[in-house]
Amino acid sequence: KGEILRCGFGNEFANEDPRCPGSLPEGQNNPQVCPYGLYAEQLSGSAFTCPRSTNKRSWLYRILPSVRHKPFTPMSCGDLTENWNEVEPDPNQLRWKPFIIPKSSENKVDFISGLHTVCGAGDSKSRNGIAIHMYTCNTSMTDKCFQNADGDFLIVPQQGEILITTEFGKMMVEPNEICVIQQGMRFSVDVFGETRGYILEVFGAHFELPDLGPIGANGLANPRDFQTPVAWYEDRTVATGYTVVNKYQGKLFSCQQDFSPFNVVAWHGNYTPYKYNLENFMAINCVAFDHADPSIFTVLTAKSTRPGVAIADFVIFPPRWGVADHTFRPPYYHRNCMSEFMGLIKGHYEAKEEGFPTVYVCAYAYTCTSAHIYMYMIVYIYIYIPCYVYCVRLTETCHLHLYIVALLLVLTAFIVLICKSLWIKASAK
């Protein structure tokens with residue numbers, strides 16, 4: 001696509017738009033007069049006194065400062081919520097049918113108005129918890145941007161590519177890629193048709209690469225494969241008003257200003273948006289017997305204050321070889337102390353395909369300690385949450401039935417019988 005991106009996870013980056021050479025100050029962050037008369041502005045992603053290894057901040061050099069806007073006023077939240085008391089708890093296994101994308105000829109829906117909260121736990125006010133959303137949209141955001149004061153967005157496109165313009169530059173994100181827009185960063189989303197995907201939102205923590213332990217120095221999601229945009233700016237006055245939408249304590253607020261917020265000519269720091277192609281994930285798997293725990297497929301984790309326990313783990317089940325010997329083919333039956341949310345990126349759901357006649361995107365929730373069996377055969381995302389999850393979009397759910405497991409058992413037995421028959425015939429010869 002001709003994109004220019006910088007590689008590395010959590011690196012210190014420094015770049016400037018080539019249209020303004022020398023726009024990045026040398027030797028200091030906040031000179032009395034910045035090059036080109038720019039304004040220096042720091043965006044912090046951690047407390048000032050955090051240890052150096054976890055301290056996140058970037059310096060932005062912009063044409064006009066972000067503070068130049070009118071007061072924020074409340075606006076409709078639509079289907080966005082974090083009020084988990086709206087529905088009664090349900091310990092059953094749940095499945096959502098595909099979220100319908102509105103036709104642009106009937107109703108124009110952009111990224112913000114197309115957000116639908118599916119489930120979540122915790123509270124953005126206490127800076128602890130998560131929310132899971134779907135987005136369905138058909139129209140680009142025009143003279144409008146979004147910022148999340150509550151936490152980080154991990155965006156997973158399922159249908160349609162999205163062009164994300166941020167204060168740090170632009171990123172094209174396609175299905176089977178993910179991107180992370182961290183807390184406080186302003187961004188706008190352009191779409192090119194009917195578009196849909198998932199969003200994992202975490203409060204009070206940032207995503208990190210999981211520790212590899214005995215795996216060693218390489219494997220899973222390698223740092224070099226993460227990509228960060230380079231500086232790009234527009235010096236644009238919007239006489240009719242530019243809308244900034246702010247998600248704050250679970251509610252939406254908007255304000256007006258007369259210029260584009262994407263006016264950052266240069267920046268440096270380690271607090272940035274980034275994207276990652278899931279095809280680059282180096283899967284680790286069993287080669288002898290049994291199934292390893294699905295934590296070996298963790299791409300990113302948002303750690304909690306308890307060692308070894310995450311607020312949320314982002315896990316994928318990519319295509320790979322399974323070569324275990326003397327092992328029951330489907331992964332083990334399971335009751336987990338962590339709640340799980342699973343979404344389909346591509347492929348077919350083999351257990352109940354007739355429920356999804358046109359598109360095969362769907363989502364599942366396995367609440368804390370509910371019995372289930374892992375479905376590793378197609379490309380899924382998994383999100384592990386060490387707490388109860390409250391589902392708020394129950395109007396589009398249906399329960400998983402035991403026949404799914406029964407079907408798997410029958411298929412497995414049938415395959416075993418065929419293999420045994422072929423082995424007997426081969427031995428007779």
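Keep in mind that glycine also has a Cβ here, set from the backbone N, Cα and C atoms.
Listed in TrEMBL for this protein:
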- 7-278: domain 'Homogentisate 1,2-dioxygenase N-terminal' (DOMAIN)
- 280-358: domain 'Homogentisate 1,2-dioxygenase C-terminal' (DOMAIN)
- H291: active site, proton acceptor (ACT_SITE)
- H334, E340: Fe cation binding site (BINDING)
- Y349: homogentisate binding site (BINDING)
- 373-391: transmembrane segment (TRANSMEM)
- 403-424: transmembrane segment (TRANSMEM)
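Projection of TrEMBL feature records onto the structure.
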residue: H291; record: active site, proton acceptor; CB count, 10 Å: 18
residue: H334; record: Fe cation binding site; CB count, 10 Å: 15
residue: E340; record: Fe cation binding site; CB count, 10 Å: 23
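Counting residues of the domain 'Homogentisate 1,2-dioxygenase C-terminal' (280-358) by DSSP class, helix then strand then coil, yields 8 helix, 26 strand, 45 coil. Rounded to a whole value, the Cα-Cα separation of H291 (active site, proton acceptor) and E340 (Fe cation binding site) is 18 Å.
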